[in-house]
Amino acid sequence: MGSGGVIHCRCAKCFCYPSKRRIRRRPRNLTILNLPEDALFHILKWLSVGDILAVRAVHSHLKYLVDNHASVWACASFQELWPSPGNLKLFERAAEKGNFEAAVKLGIAYLYNEGLSVSDEARAEVNGLRASRYFSLAERLNVGAAPFIWLFIRPPWSVSGSCCKAVVHESLRAECQLQKTHRASILHCLGRVLSLFEDEEKQKQARKLFEESANQGCLTSSYLLWESDRRMDMLDPGRCLHSFRKLRDFAAKGCWEAQLSLAKACAHGHQLGLEAKASSEIVCQLFQASHAVNKQRVFSVQKGLNDTMRYILIDWLVEVATMKDFSSLCLHLTVECVDRYLRRRLVPRYRLQLLGIACMVICTRFISKEILTIREAVWLTDNTYKYEDLVRMMGEVVSALDGKIRVPTVVDYKDVLLTLVPMAPRTQHLCSFLCELSLLHTSLAAYAPAHLAAAALLLARLTHGQTQPWTTQLWDLTGFSCEDLIPCVLSLHQKCFHDDAPKDYRQVSLTAVKQRFEDKRYEEISLEEVLSYGQLCAALGVKQESLEPAPFLSAGDIHAFLSSPSARRTKRKRENSLQEDRGSFVTTPTAELSSQEETLLGSFLDWSLDYCSGYEGDQESEGEKEGDVTAPSGVLDVTVVYLSPEEHCCQESSDEEACPEEACGAQDTQALVPGHQALRTPGPEPPLCSRWGLGKDVTTSGYSSVNSASPTDSGRTSGGPPRSTSELPTGSSLNTQPCHHHARKSCLQCRPPSPPESCAPQQQVKRKNLSAHSEEEEEDMNLGFLKL
């Protein structure tokens with residue numbers, strides 16, 4: 001009963017139960033650990049080994065995945081990490097799990113005794129056996145590329161004592177005799193090594209190894225055997241036809257060299273039973289299978305790199321190739337390797353020259369008989385880098401490129417065209433000149449290599465006033481009409497002849513390609529008069545548009561790069577000198593010797609520059625006899641001559657005193673150069689986790705190194721933001737009119753007089769370099785290969 005005598009019922013109006021409180025459940029926190037294992041594997045793949053160790057320490061489940069799944073280690077990145085006693089277990093584990101990069105770096109580290117210290121006693125034998133193990137593993141993991149490990153153990157070998165290269169070769173041979181599978185590529189590598197000896201017995205052994213390798217399915221060995229038998233097969237019509245059928249089979253399976261040979265063989269298609277149309281279709285398929293690769297992506301990956309820096313690097317590589325007389329193919333392959341590496345991995349500016357010379361060392365070993373030795377390559381950089389720096393960069397390049405050294409280049413397609421359509425020698429030289437000029441400009445890479453080669457040929461024929469610059473035969477062979485080539489021809493002409501070449505910090509234009517083709521064997525084709533832009537447009541039948549030269553960065557906008565200052569340089573003038581002052585216009589500077597310097601050096605410099613080349617200078621992996629370190633010693637003496645007594649006394653001596661070690665029965669004397677060490681900016685070190693530690697590799701090479709003694713020019717500052725010089729010319733939007741096939745007159749330009757020949761060539765010596773040298777591809781590198 002309520003108040004006032006009112007009786008309340010228990011209805012909803014009179015009585016209210018307390019409302020129930022609903023408790024909200026907290027949402028479940030999802031973490032990376034809740035992802036399926038397949039998703040976790042995709043996350044862990046391609047991480048650096050330091051990141052993998054850091055993730056491993058986070059949770060027991062992640063630790064279980066890292067420790068028990070080989071795919072994590074097979075894809076781990078060892079970029080900028082070199083084997084050392086502190087991280088050896090990590091490299092070994094990754095290599096055994098199928099990591100190509102770890103296997104390559106371990107093989108090179110043991111072969112050159114770099115980073116992994118081994119006692120002097122039986123060093124070559126121990127290192128050779130270990131290197132052969134990891135080289136064999138790397139070759140098995142090498143999928144889709146030609147066998148490559150032979151380039152590290154190719155001759156020369158030491159003639160006395162134990163040689164690490166020879167130990168690797170014998171160990172691999174013993175392995176092939178024991179194993180019945182996975183031997184084809186190893187047998188090919190063994191055959192390539194023996195084929196480089198001039199001994200007739202070794203040549204026979206090499207052929208036997210190639211035959212065994214071909215029987216086990218090695219396509220490269222099959223092609224080499226075909227090439228060696230080609231001359232004999234051509235004498236018999238029946239054998240010739242059978243040989244051609246084998247070549248077509250090799251080309252259909254993807255052998256690039258076989259595809260090139262097949263296209264060139266179509267020049268004699270009637271002898272092979274081929275009609276003209278069938279021959280043209282084979283060549284046309286090769287050209288149409290070529291695709292462009294966007295080299296502008298280099299600058300999106302390399303934030304500190306611009307087109308001028310790349311131009312300077314390539315110009316210097318051209319100069320080295322000219323000095324060493326390397327082929328155009330070797331030069332083009334070197335540049336391709338540089339660009340492919342720059343698209344995949346970040347490179348500081350001070351290591352660009354190291355990257356370039358490392359790529360040249362690799363490419364000369366892969367395709368040339370005369371090679372660039374490691375010690376000579378170090379000397380060519382003015383000792384900016386040490387011996388071990390170059391060895392490690394070679395490992396970085398080969399692993400980053402997955403062992404794929406040989407790729408299609410512009411010069412390959414150019415050679416096919418010049419074989420199929422005979423032309424005057426000067427037209428051939430001009431076409432080659434244009435192809436090498438195209439290496440300097442990344443904007444021209446917007447065109448496929450085959451397209452660029454065809455455009456270079458068309459421009460060469462136009463320049464030489466051909467009645468029909470682009471014949472129906474050339475159209476049928478390439479699949480490109482004259483109208484298809486017009487944009488590329490105009491771009492090529494603008495970049496090669498209209499735009500100004502960049503200058504170094506000495507205000508000297510970089511013209512190494514032009515100097516290369518001023519040689520008499522090229523009939524001094526680079527001195528020839530060229531068509532003006534207006535004459536070219538008239539010859540092509542297109543509307544002329546005004547063009548402005550694309551400015552390159554000036555010396556005030558960029559640090560000194562791959563060049564040395566001309567200050568404190570002595571020069572001796574001679575009458576009838578072929579090069580009055582080579583140091584004033586070359587990218588890798590030289591200084592002529594004064595009378596005092598010539599007296600000090602005598603004939604030592606001539607011997608050092610001439611002898612240390614090719615096979616006889618390639619003792620870098622085994623050590624050289626005392627006195628065999630040639631060019632760096634000459635640089636040392638002249639550097640001291642340039643210094644005043646006060647400067648000389650104040651300089652610090654190198655930390656690395658001469659400590660000769662025996663390897664392959666020979667000894668090295670380390671070049672001790674007084675001066676400041678070039679600065680190195682170490683990258684961030686990966687974290688240390690669990691029982692594995694990465695650690696910083698403080699171990700130097702077991703072989704004596706050539707010291708770096710280039711001081712850093714840190715006082716220079718960069719200017720404003722660089723402007724890209726790789727834009728296509730405005731003439732790309734064209735009024736395409738029919739191409740008129742009639743002769744055109746050349747532009748009348750002043751031709752510089754030929755310099756007088758020198759009866760007594762000057763002695764030259766390199767000056768010290770006073771400046772610190774400072775993505776994965778979206779397409780498979782086999783993209784340019786013909787698929788039949």
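Quick reminder: no glycine exception, Cβ is built from N, Cα and C everywhere.
Range annotated as motif 'D box 2' by Swiss-Prot, chosen from 203-206, 343-346, 499-502, 743-746: 343-346. Check Swiss-Prot against the ranges 219-222, 383-386, 575-578, 767-770 and you find motif 'D box 5' recorded for 767-770.
Annotated range for motif 'D box 1' in Swiss-Prot, selecting from 30-33, 166-169, 310-313, 390-393: 310-313.
When DSSP labels each residue, the motif 'D box 3' (349-352) comes out as 4 helix, 0 strand, 0 coil, counted as helix, strand and coil in that order. Broken down by DSSP into helix, strand and coil, the motif 'D box 2' (343-346) contains 2 helix, 0 strand, 2 coil.
Across the domain 'F-box' (29-76), the DSSP tally of helix, strand and coil residues reads 33 helix, 1 strand, 14 coil.
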